[in-house]
Each structure stands twice: as structure tokens, then as C-alpha cells.
Amino acid sequence: MSSGDPAHLGLCLWLWLGATLGREQVQASGLLRLAVLPEDRLQMKWRESEGSGLGYLVQVKPMAGDSEQEVILTTKTPKATVGGLSPSKGYTLQIFELTGSGRFLLARREFVIEDLKSSSLDRSSQRPLGSGAPEPTPSHTGSPDPEQASEPQVAFTPSQDPRTPAGPQFRCLPPVPADMVFLVDGSWSIGHSHFQQVKDFLASVIAPFEIGPDKVQVGLTQYSGDAQTEWDLNSLSTKEQVLAAVRRLRYKGGNTFTGLALTHVLGQNLQPAAGLRPEAAKVVILVTDGKSQDDVHTAARVLKDLGVNVFAVGVKNADEAELRLLASPPRDITVHSVLDFLQLGALAGLLSRLICQRLQGGSPRQGPAAAPALDTLPAPTSLVLSQVTSSSIRLSWTPAPRHPLKYLIVWRASRGGTPREVVVEGPAASTELHNLASRTEYLVSVFPIYEGGVGEGLRGLVTTAPLPPPRALTLAAVTPRTVHLTWQPSAGATHYLVRCSPASPKGEEEEREVQVGRPEVLLDGLEPGRDYEVSVQSLRGPEGSEARGIRARTPTLAPPRHLGFSDVSHDAARVFWEGAPRPVRLVRVTYVSSEGGHSGQTEAPGNATSATLGPLSSSTTYTVRVTCLYPGGGSSTLTGRVTTKKAPSPSQLSMTELPGDAVQLAWVAAAPSGVLVYQITWTPLGEGKAHEISVPGNLGTAVLPGLGRHTEYDVTILAYYRDGARSDPVSLRYTPSTVSRSPPSNLALASETPDSLQVSWTPPLGRVLHYWLTYAPASGLGPEKSVSVPGARSHVTLPDLQAATKYRVLVSAIYAAGRSEAVSATGQTACPALRPDGSLPGFDLMVAFSLVEKAYASIRGVAMEPSAFGGTPTFTLFKDAQLTRRVSDVYPAPLPPEHTIVFLVRLLPETPREAFALWQMTAEDFQPLLGVLLDAGKKSLTYFHRDPRAALQEATFDPQEVRKIFFGSFHKVHVAVGRSKVRLYVDCRKVAERPLGEMGSPPAAGFVTLGRLAKARGPRSSSAAFQLQMLQIVCSDTWADEDRCCELPASRDGETCPAFVSACSCSSETPGPPGPQGPPGLPGRNGTPGEQGFPGPRGPPGVKGEKGDHGLPGLQGHPGHQGIPGRVGLQGPKGMRGLEGTAGLPGPPGPRGFQGMAGARGTSGERGPPGTVGPTGLPGPKGERGEKGEPQSLATLYQLVSQASHVSKFDSFHENTRPPMPILEQKLEPGTEPLGSPGTRSKALVPGEWGRGGRHLEGRGEPGAVGQMGSPGQQGASTQGLWE
């Protein structure tokens, strides 16, 4: 039909109705037909439109002034049924066709349900469409249309038009008491805001009902992953209490398990203990927004078969098919869906009316005739869970007083998972559960099944044992590249996972994994001489046991041992070693210089124990590596270092005068071979030009022409080698026989004062004009000075020197013919004197830091108090006094390498427990270089300094004698520093001695600090508090053995120590005894130089001293007069080697090289094909004879109860406090062998086992034998048909 105007459509409908009245009770027309079904439901059908429309929209709208909301539904078929309409109110019905371009009106009709039922043919009349008067329509009282069952589910949505409230509010008082349980979905998909709309909906549905103990009782359960009773039927007795409880209802959250919730309602809410009344009608209203994650069919069938009216309300994504499966018939009354939570409000009034009509339409006894009452049934007791393994549990219980037909055993993981069940015969009182997951807590329930229903169940929690790990891991065989591992199998394991990884990985080495079916594995491709961590884990499906590990070390390929060197020269060396015990194919020796510029390789037979390396470069360090090569690879490398000697110089030089002015120079060759040329240079002393000649390397003599008979010469010779090396030059002083210039002898140095040295010598024979003295600090850090001494004197004093400093002095005699050789000697100036008599050289640091009576007041953080024993006062250094001086202000000269640090100290209670430097020298950046540390926490003393290589050397003393320093009394401590050791004395008694490396040169610049904390850095760092009475550095390491510690009363000796000076004042004028010797005064200024004294008498000749160092070059003489031209020289020797020539032709190919080492392991191979299908399992045993069958209605009930797979799921045993945890269960395929892991090498490992026989899903075996026929008269249901 076209989408023409509504007036034409109404006219056609009016004409059709007028022509057909009186033919039958049901109004009919060619376009629209209405029929009234039981419970005042209205069924409508219309003619299907031509073309491809999108469906139909049906609108049932109350007439003006009605307070009810309109009803809109959509359908794909030309029929629909509407329920919940008021029989006495008028409605307007419109049917639209939905197309892609909009909607088009097909039919319109106004009706009243009572008029349609009561109108008769003689009172029928028509009225124009839109008149507003109700149209009388005969009632259709027969059965519903047989096509009704196939009608699509429709959705009720509220109209967007505003409604004007009118009429009284609806109230419902059923003729019989009613027990109403609301089952509300509280899953995460609803949300907090929508859950408030759900609570408003519940309040609107409950509001019309009269609530009381003898009227309507309301209970409510909220569910998600588990079900929770919010209140029972008998908990609240008034409507106000119920509505208040709805408002207080809190959102639960979780997953959607509707089947579990229905079983909870059956087992908990619909029980006499919860307020259920046997005479009351029972109604369950389900509100959900999604599809259940578990089975709902069984629990819903049990509820409906027990006479419970189930209404289902779905929102948004609710599964309509599932709602229809849950609800009681008729589905068009009990199933409702809305598209959004906002539309629940429009459905509330309609749902209240439908529930009320259902309660008014029949008593609670209208259910199935055979439906049993929900009475309490006997239950078993004393559930015992025993014989727990990793995959099985044994259950036993005390049977109920009345034996049930069967027991339903239901179990599932307590933290979520799919429940499983098994049925055992009634007489049994125990069973075993198999195929469980290891280390999993299970909730187990046992339900007795009687003819009248399901009794209360037993429940228990049990945790399966872990899968046992492998035991007794054993290394059956270990080779350099393989490990054979075995172990004892573990019960229940189907295969094993073996992991192998290096104990100390190198780079990106990965862990290797392999799965095996037998308790052994062969791991290959390993590296020799490495530790491997191997672990084995038992597996059963996806489960794994605790891993057991073992460490395996592959043996190394034996390397050579005891590497050594001999016959080391400047260009060759011999390396030797101890051979390996196993047969060696070849020994490879490689060497490379430390700079990497020179390398080489040589190979020796397998039985060789030495090899010669060469040619090498002189004065070069080589790294030598020796490796044994075996047929299976190379051993580890033995490494050593060798340094070649310096290129040797010619030796044993001698000069022989020849006739005329020629002289022959002879020498011993520098090396047997390798010398390319000798270069000889001679230079006359004083004035003259140097001459040079070259001699071939195979000669040992040379003639030097043109030497004057009255001139001395310096002759130098050096050797050049073929590898480019050059020896050190060797010099010889040649003096003709006609010239004699002897140097002075017996040169001696003595220290008169800290700033002067006395030099004396024995004059030589001959007329000496004067002596030339040159002196400078031996360290080379100071300036060089010279002085001339008259020839008549043989001694001189060198003034203005640094104290405690070594000086090198050279003296040469000046003759008329020139200068003699210089003789040298080394001497050291004395340290400053600590005593007036100069008997104790050293440095007084108390004076340097102004810790004296007349100067301490100007120092911040320092206080002075008289000594308890008289004599020297005591100075207290408070915390953070920060006493710091520059090195140059404290030590006018460097410290001698051998010295003694002396201090008299007392540690105070406020002295910190951490280490601090009583005295130390630092660099400019305050890095410690030298000092003494006291650690009150460890009760130890540490001395440290830097050696000549700037490395830190330290010695720590912590014996019992050292601990008393920290007990709060004064103690005198000597730290005697020698060249190779340091000794500690406490109260003049030796405590300990420690070896220590030689001290380097003390810093000339930097700082000296007192009490500085060891961790402190920078100029403003913290310092410790302590008392100090003495701090000296004595320029000797033997002073500790001479000191008598007279400052301490316990160490005083009356014979050697003077009496203490009393600090008390005496009234007597009698002078007392002389006081102790006072401290040395400050150095005075230098006096004016005195007049030169007379020469003293010549002393006796001294002992000949050691040969001195090479003298410094003499002063540059004045240019001489130009000489006459010389004679024509002799023909010179052969010149030096020329430049390198061009490269020669390529040589012949070398011999075939040795086989290289094994390459790295290749990449993993591709995954192998699936294994073959395992053998079919053995057939199960023949089933027992079935029991006598029951009547069909009772058998049907048993069948429904047995399918209640979720009876135990709704039990709230320990579930309210336990969050849901999904358990991943692997789907097993029959007899399929698992895929193997990819192999790492082509070599086959230990063969795997055949796959075990698969387990049929749901734990069923082979079908049992057909049960025998029951007794005549009643056909028995077989066991399989009853319980599947």
C-alpha cells in the first residue's frame, strides 16, 4: 500500500469494518485485525506491504488525559502483541512502514479493551477515525494466534511527547500473599550513574504493592561474579523500610554470572529460613544489561518447574534470546527490553501492572501438577577431603538419614573458573575428582538429589598439591661441548622443560630451552671451560612445577702451562712452556707490541715446548699468546709479556796513539749481528770544531786523523741497527800524553747549619789557577749557582741554602791548559733545630700554627689552659676551628724521607666518632697527600702518604695499645717513617710496625691542616675537637727510641727527666731551681758577610770517594783566533745506506694454511610438522543396570535438576571477600600430540615419547552399554538419557 494520507487510510479501514461486522467475534479487515488474548493482551496483524521495507513501527498511545506512557515497538513481521494495557481506557493504535527515506502510515485505529470484548454484532457501530470515542469491538476469547510464538521480540520505549498526569495512582493488593525476589545485575558494565537509575526503577516497581508479613514480601539479591543477598524476604516488614533499603543499595561491580545468581536465589532466598511462605505466590524479577558468562538454562528450568514466576528485564546489550529462555510463559508478558537505562522509568508502571495481573490471575498452586514444594530435604554431613595430589582429590561424607537417589558433586576453582560436576549413585559415600589443576584452591559442593528436589549441600575448600618437580638431577656425562643430564621422573608430569644458560653471559647470549618427554636430555653446542646453569621443570599441560637446577662446567681443552722467557735480547726472545697432557695437533704462538705496530706469528709442532720470536724491536714490550690446537678446536690462551732489551752500545773503548797526529779507536762490537754502521764523533775541549766519521758495522777499529798532541778530545761512538734502532752514545775523554789536567779528589760535603753546606776537597798535583764550583738542588727543582774559589784554598762554605735539602756540588780545577774533569758529591742541609743546642733537628708545628702563649689568642676556635703536670700549656681546638696554613709557611724546606711525627694529644668526649686527620698535608685542591688519621669509631690510627708514582700508601694500626689513645687521657704518640716501613710508638713504647712503600717528594705548594675530618673537602670543611700539647716533626726515624716521654707522669724517670715546674706562686723570695729548657727561638736574620779568612792548614788526604756523576758542561770560552787552513783530509769511509729501493716482484704462493676454528652456531631451524595422532583410548567398562524408571513428570524433574551445573556456584561460601580471578583452561583435543619446540641444531636430541591418549571433552568416556528394559507397565529412563 502506498504511504498515502491518513484520511484515506482511515476511510478504507472504516468501510472494511462496516462490511464485515457480525461474521465473527474477531474484528477483521483487509488491512488490520485485532484480537484480545487472555490477560487482556492485544494481538494485532496487518497486511504486509509491498516492496523491500526496513520493518514496521507500532505505536499504542493512551488518549488525552491518561497518565500512562505510550508504547512503541518495532518488528520485522506484520504482527505484534501488546500486554499490560488498561481494559477500561481508550488507546490510539498507529502502524507505520519504515523505509530508507522515512516512515509512512499504514493503519490507524482507536479502541478500548473492554469494548472489544463486550461489543456484540447488534450493538456494533462505526465512528469516523479520530473522533475520540471508543470503537466497540468483539472480544476474541480463544487461544492465541498459533504464529505468536514466532513473533519477534519488541522493545518498549517511552514517547518523547509530554504527558499530563491524570487519574488516581495505581495500587496492587493481590488476593493471596506473594513472595517477590528481585535479582539485580551489579556488573561493571552498568556503572555507578546507571545503577542509580536501576534503583529508581526498582522503587517504582515496588511502590504500587501493599507490603507486609501477610501481604507482599520483598527480598533482593545483587550479583556479578558471585551473588550476595542484600536482604531476605522476612527482613523488612513495611514499604518504607523496603524503599529505604533500595536507596541504600550499594553498587557491587564484577562479571556477569546470571546462572550462578539464579541458583543462589533457589538455594538461599526461596527457603523457609529466608521467609518463604508455602501458601504465597512466588515471583523472581531479573534485571540485567548483558549476556551471562555461564549457563542459565538449568537453574531457570528448576525455578519455573517449582512454580516460580520469572520476569526478565533487559537493558541495552542484554541477550533477548537468553531473556526469553529465562522467563516464564507467556514471554510477551514476562520479557521486556529497553534500549537505554533512561527508559526504565517508562517501563516501571507497566511491569508493576503485569506482575499484579499475574498475581491476581492465579494462585501459587497453578504451576505444574507434579511440582514439589520447597521443603527442607535431608542433607549429608561431615565432608572430608583427603588423598590430595596435584591432580586429584578424594571426597567422603556421612550419608543423609534418608538415602537420596543420587549425589551431585560440583567443583570449581575458588577464584573463578568454569564449574564442573559429576553424579554418583545414592548409596555411595565417597568419590574421587581427577584432572584438577595443581596448586589451586577448589570449592567443592555435594548436593543430595531426592524425588522432591535438591537438598542442602556440603561445601569445603581444598588446595591441590603442587606438581612435583624432578628429583636427583645427575650429570651423567660432561664433555667440553656436551652435557648429558638425567633425573628421576615426577608423578603426573607428561613432559619436562629444560633451560640452559651460561652462568656468566657474554654479550647477547640467550637462554636455551628444550622440551623432552623422557627424564634425560643431551645438551650440545656448548663452549669448553664455561659454567652453565641448567634447570628442569615438570610440565603437565599448561602447568609447571618448581624448577630444579644444577650447575655444570664443561672441561676446557687443556692449554699450555707455565709460560716463561729466556735469551731475551734487543731483537729476539725465546718463549717456553709446559706441554698439555692430551695430544696436541699444533701450537700457535702470536706476539704483538704494546703499541700494536709490530706483530707476528709462528707455529710449532704439537710436542714442542719452546719457540724463538724474532725479529723484534728493541726496548719494546710484547704480549705473547700461546694456544694449543686440537682436532675439536683451540684451547684457552696462555698469555705473557716480555720486554726486549735496549739496543746495546759498543763497549771497552780504547785509544792508541799512532805516528803523526792520528789516533786509533778500538771497541768491542755492540751485538754479534744487526749493526749497520758505527758513527764516531770527536770534539776538542775548549775551542774547536767537531769531526765525524762512519764505520761499517762489521768493524771494531777506526783511525781518527788530525788530533792535536796538546789538545784533549771528547770521543763519542754509537751504533745504528738494521731495524732503525740506535744505541746510546758512549764517550771517552782522550788526553794526549803531553797534557795532564787532574781534577780535585776526596770531595766532601758537611752541613754546618740548616741553610749552609761546608765543601772540602784534596787539591790535585799541578798548578791550579782556581776552582770552579757549581751547585743546585739534587731534585732539579731549584736554580743552579756557581762560585769560584782561589787555587790556594781547598774548602768553601755555600750559604743561603734551603734547610733539609739535598744539593749536588761539582768541583773542577782550572789550569792554564784548560779545565779538568769535574768531580761531584751530594749532601743535605740540616733540618731546623728544635732545641737551642741544635741536638734535635725538626719542625715545631705548634709555633707554625701560633699555638703558643703569646699568639694563640688571635686564632679563632682555640683556647689555652695550663698543663695539669706543669710545663708546656695545653691548647684546646674546638669543633670547626679549621686550622689551615700554607706548606711554605710551615715548612721552609721539604720534609726528609725519614722522619718522625710526634704529638701529645687528648681526645675529648665531643670528639667525633668518624675519622679525622690530626695533621695532614694536601694539594692545592685539598686532596690529602700525607698525614695521620685518628678514627674514634674504629679505635685505629692510620698513616698515609703518596709514593713517587702518586699512588696512595697507607698503614693502619689498631692493636690493643692503640685503643687507649681514645680513652680520654693525654698520650704521646711517635709515628716513625722510614724508607720501607713505618713504626708506631704509644707513650714511648713500640706498638707495631707495618711495611710501606717509599714516600714521594712532599708538595712544595698546598696546605697543612689540623683536625680536619677525613670526609671533608674544600677550604671551609668541618674539623674535630681535641686537645694538643705537642706537635713536632723530627728529621730522623730513630727519635722514638731516644725519647723518654717526660711529659707523662706514668712514663717519667726521675734520673733522666727534670722535675715539673709548679704552676703555683711562692711567697718566698728564695730563687727556685733552674727551669726546664725553653723552646727554640725563631730563626734570626742573616748576619753581614764576614771578611775572608786566612787559608787553613792542609788537611790529611781523605778516603777516596765513589765515582761522581757526570759533570755539567763547562762555561762557554771566548772565541779564539782564526787558525790556518788544515791539510787535505783522507778519503772518508763508505757512506751510510741509501734510500729504499722499489718493491720486488710478488713471491710464490705460500703453503696451505691450517684449518680455522669452528664457526659460531647457526640460527634455529624451522618449526617441525605436527606429531601423529595418538592411539585411541580403551573403551570404558560396561554400564550398570539402570534403576526402575519413574513416571515421566518426575523423571523430567530429575533431568532438569541434574543439569543444574551451577547449583554450587551460587553458594556464598567465602566468596564475598574474594575477588574473581579468571582461570584459563586449555581445550584438549582427542589424542593430539603437542607441537615440538624448534630445534637449535640439526643433531637429533633424545627421542620424545608418543602422545598420550586424549580425554574427551566434559570428562566423558566411551558410551556405556544400553540399559535393560524396566519392569512392564512403566518405561524406565536410561542413565545416559536421565543425566546428560
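For all residues, glycine too, the Cβ spot is worked out from N, Cα and C.
Among Asn607, Asn1086, the residue that Swiss-Prot annotates as N-linked glycosylation site is Asn607.
Sorting each residue of the domain 'Fibronectin type-III 1' (28-119) by its DSSP state yields 9 helix, 50 strand, 33 coil. Contact between the domain 'Fibronectin type-III 2' (379-468) and the domain 'VWFA' (179-354) holds: at least three of their C-beta pairs are under 8 Å, each pair 6 or more apart in sequence. Per-residue confidence over the domain 'Laminin G-like' (842-1037) averages 89 (mean pLDDT, predicted model). Applying DSSP to the domain 'Fibronectin type-III 5' (649-738) sorts its residues as follows: 0 helix, 48 strand, 42 coil.
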